[in-house]
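S.K.: Quick one: structure below, then a few questions.
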Amino acid sequence: MRERDGHRAVLPKRIILVRHGESQGNNDPAAYDTTPDPKIQLTTQGIAQARHAGVRMRHLIAGGGSTNWRVYFYVSPYARTRSTLREIGRSFSRKRVIGVREECRIREQDFGNFQVQEHMNVIKETRQRFGRFFYRFPEGESAADVFDRVSSFLESLWRDVDMNRLNHDPSDDLNLIIVSHGLASRVFMMKWFKWTVEQFELLRNFENGEFRVLQLGSGGEYSLAVHHADEELLEWGLSPDMIADQKWRACANKGEWNDRCSWYLDSFFDPLPDSDDDNVDKLDETNSLTVHS
């Protein structure tokens with residue numbers, strides 16, 4: 001915790017990422033032919049999924065051992081996410097909800113305007129060959145574009161927490177619930193946990209109404225492994241190395257460096273020597289002579 005302008009900035013206990021319930025577009029992609037993506041509504045099944053997600057999240061938060069807890073919501077402006085939030089909200093009393101904010105930067109990936117399905121099927125096949133992260137939809141966005149705006153949102157989120165823009169009582173456990181879309185949520189975790197593009201490509205999308213819990217560990221780092229079992233993480237596409245890092249984070253002190261995390265260094269270099277000795281200096285000189293000869 002840090003003192004700022006007479007108040008203590010307290011980290012949220014949980015950050016919960018939830019995907020909207022089943023939409024008309026999920027049920028029938030032809031809906032995109034005539035309805036703009038932001039106006040696509042939930043199906044009856046999607047409403048039920050959203051309501052069930054709210055029940056599960058309240059059970060998770062209320063069962064965490066504290067009676068003093070509050071929730072704050074961020075929500076994508078799309079109709080299906082706003083409706084999902086409305087159904088989730090049925091599980092929380094007014095005194096538990098300290099606020100909500102519509103946040104455009106966590107909206108769905110932009111696929112263009114009206115999406116003619118025959119054309120989109122060809123485009124998505126091309127995306128599979130090109131790579132999901134960098135492929136940009138014609139007149140739309142790539143996952144890399146979404147990464148940029150979600151990164152900006154994350155910076156704002158931390159300012160909200162640090163400056164107590166959420167009007168949070170430090171004696172209460174704070175839970176942030178982000179109601180968004182599958183890609184935006186995966187990109188959020190990619191940014192948060194410093195995953196590489198290759199690791200992002202491994203991740204399975206969220207199911208409708210499914211959520212992931214980033215929970216504060218005992219040392220002050222957030223981890224998926226505090227709440228979720230290894231089997232879930234494997235099912236979602238995390239590699240054994242990624243799971244090992246999540247388990248390390250669950251107990252790590254804030255700001256510590258995980259020197260066993262392979263992608264922090266080893267994935268970028270050939271094995272680095274443990275010491276800066278004369279042999280390394282000689283190798284440097286030899287390479288320098290070779291390059292300039």
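Glycine is no exception: its Cβ is also placed from the backbone N, Cα and C atoms.
Unlike curated entries, TrEMBL annotations are predicted automatically.
OK, TrEMBL features for this one:
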- ARG19, HIS20, GLY21, GLU22, SER23, GLN24, GLY25, ASN26, ARG80: substrate binding site (BINDING)
- HIS20: active site, tele-phosphohistidine intermediate (ACT_SITE)
- GLU108: active site, proton donor/acceptor (ACT_SITE)
S.K.: For a quick check of packing: other C-beta atoms within 10 Å of the C-beta of ARG80 (substrate binding site), how many?
M.R.: 29
S.K.: Same chain only, sequence gap of 6 or more: which residues have a CB within under 8 Å of the CB of the residue listed as 'active site, proton donor/acceptor'?
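M.R.: Listed in sequence order, they are ASP37, PRO38, SER76, TYR78, HIS181, LEU183, ALA184.
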S.K.: Since the record lists GLY21, GLY25 as binding-site residues, which of them has the fewest other Cβ atoms within 10 Å of its Cβ?
M.R.: GLY25
S.K.: Are there any residues at least 6 positions away along the chain from ARG19 (substrate binding site) with a Cβ closer than 8 Å to its Cβ? List them or say none.
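M.R.: Set apart from ARG19 (substrate binding site) by at least 6 residues yet with Cβ under 8 Å, we have SER180, HIS181, GLY182, SER185, ASN205, PHE206, GLU207, ASN208, GLY209, GLU210, PHE211.
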S.K.: State the Cα to Cα distance, in Å, between ARG80 (substrate binding site) and the residue listed as 'active site, tele-phosphohistidine intermediate', rounded to an integer.
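M.R.: Here the two Cα atoms lie 6 Å apart.
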S.K.: How many other Cβ atoms sit within 10 Å of the Cβ of HIS20 (active site, tele-phosphohistidine intermediate)?
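M.R.: Result for HIS20 (active site, tele-phosphohistidine intermediate): 31 other Cβ atoms within 10 Å.
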S.K.: Let's check the environment of SER23 (substrate binding site): how many other CB atoms sit within 10 Å of its CB?
M.R.: 26
S.K.: Roughly how wide, in whole Å, is the group ARG19, HIS20, GLY21, GLU22, SER23, GLN24, GLY25, ASN26, ARG80 that binds substrate, by largest Cα to Cα distance?
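M.R.: Between the most distant Cα atoms of the substrate site, 15 Å.
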